[in-house]
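Swiss-Prot lists 210 with the feature active site, proton acceptor, giving similarity to another entry as the kind of evidence. The feature substrate binding site is assigned by Swiss-Prot to 101, 102, 103, 211, 212, 247, 430, 431, 432, 433, 434, 464, with similarity to another entry given as support. Marked as Mg(2+) binding site by Swiss-Prot on the basis of similarity to another entry: 172.
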């Protein structure tokens, strides 16, 4: 069978034109802070010969412009995790962006239909599918509103409130659901299905936890940078302006997959007792002898007590303080000036410096302290997050530190730390429902918290699970009352407030687009349709009059 004929001169011209187009695109102010480690030629070679323009890229441009304005005004786009089209349409009236939470999808929208806690063990297309669900709803309600408005005169439209239903969506990419190729494909899914931005965290796939669970395992700094590069490369191949948010879970992380990256060395714990046996071998031996459960756990606890677990710089400082030196503080300063959270000093270099200062080696073994799964013990914290945030910044539009508490001082330390190296870096903040807000701060401070954070550079802030919690509260309250007072519960606590507050869903047929679809039917049947949904007899006409009992 003969091959399809192609004009190689035209092929070459098309390629060179694409390269020039990509180069011009990358010169736009949008990319002034973005570092790419590949060339325009690399991207052009990996593109299809058929150019596809993705609507989500327009949404990404819109989101970038929105955040630029917030950054300029020291304000923030603040939003929450949306569960469904009802929530998205109501949010659009008041908020300028939409969030899609992996946690919410895990519990309510897995494509396997199997609910789960936030372990990112749902199928890879789960969150992209939810994005598409909400994106299609946004497009539908935008079309519906547009037709409704254009059926009015210009004078009537000027008096009619307008809702921008096309609020940009930022979605949860978890850890990327695998290696680099998985991240490339996941990014493509998000672009195709309507996301304006995505966030990805530096936890290890397979052990990923909700940011407010224990047992988080980090990947090395460079491994996460590779993920960020993969996201940008995938978006570049698709010609998308997709925003990338780099999340770090290092503030509370306790484990690390590998010590290959010297930037992590400062935060790795090791045994300082030379008599400490290898923990993993000790645990394996105990299991082979039939020891399990609490007894096995007690072996690890006892080992930890005797091992003298410390960070290397702590071990060195202890040696100085316990030694016979007259200038201890000067020696400590000499060491910590070169070995600190942001110095990126390797353990090898730190050992050499300690030997010069002390005249001897400091015993420190991070291998014997490894967990039974092989992970290294890690002691994160705010400065660890700053280190990682600084490393990720050139490859991401926003940086997010997952935190254990809504601690303004900590948020300030992180913001100032990242901005010390990257002054124009945008930041994101999780206003998590996992925090006990009423214990953390009084109501007056809750009210100003978003504003205070925005002044530090947190341009995008979000309550991950507010969609879930508001639904739970509303349904629990209604179900309780309904069980006791029957239809009075619906009439007085649902329908009456809907009417009073002007919540358009009270006319759910109209909200669902029945009039819009009737218009389509009439358009294709010559203007008449006996099966129109909103014709004579529709019960929604009752809402044109004063509701009974009001």
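Glycine is treated like the rest: Cβ placed from N, Cα and C.
Cβ-based neighbour count (10 Å, all protein chains) for residue 172 (Mg(2+) binding site) stands at 28. Under the DSSP three-state reduction, residue 434 (substrate binding site) is assigned to coil, being neither helix nor strand. All protein chains shown were included, and the count of other CB atoms within 10 Å of the CB of residue 103 (substrate binding site) stands at 24.
Fewest Cβ neighbours within 10 Å among the binding-site residues 430, 432, 434: that distinction goes to 434. Secondary structure at residue 103 (substrate binding site), as computed by DSSP, is helix.
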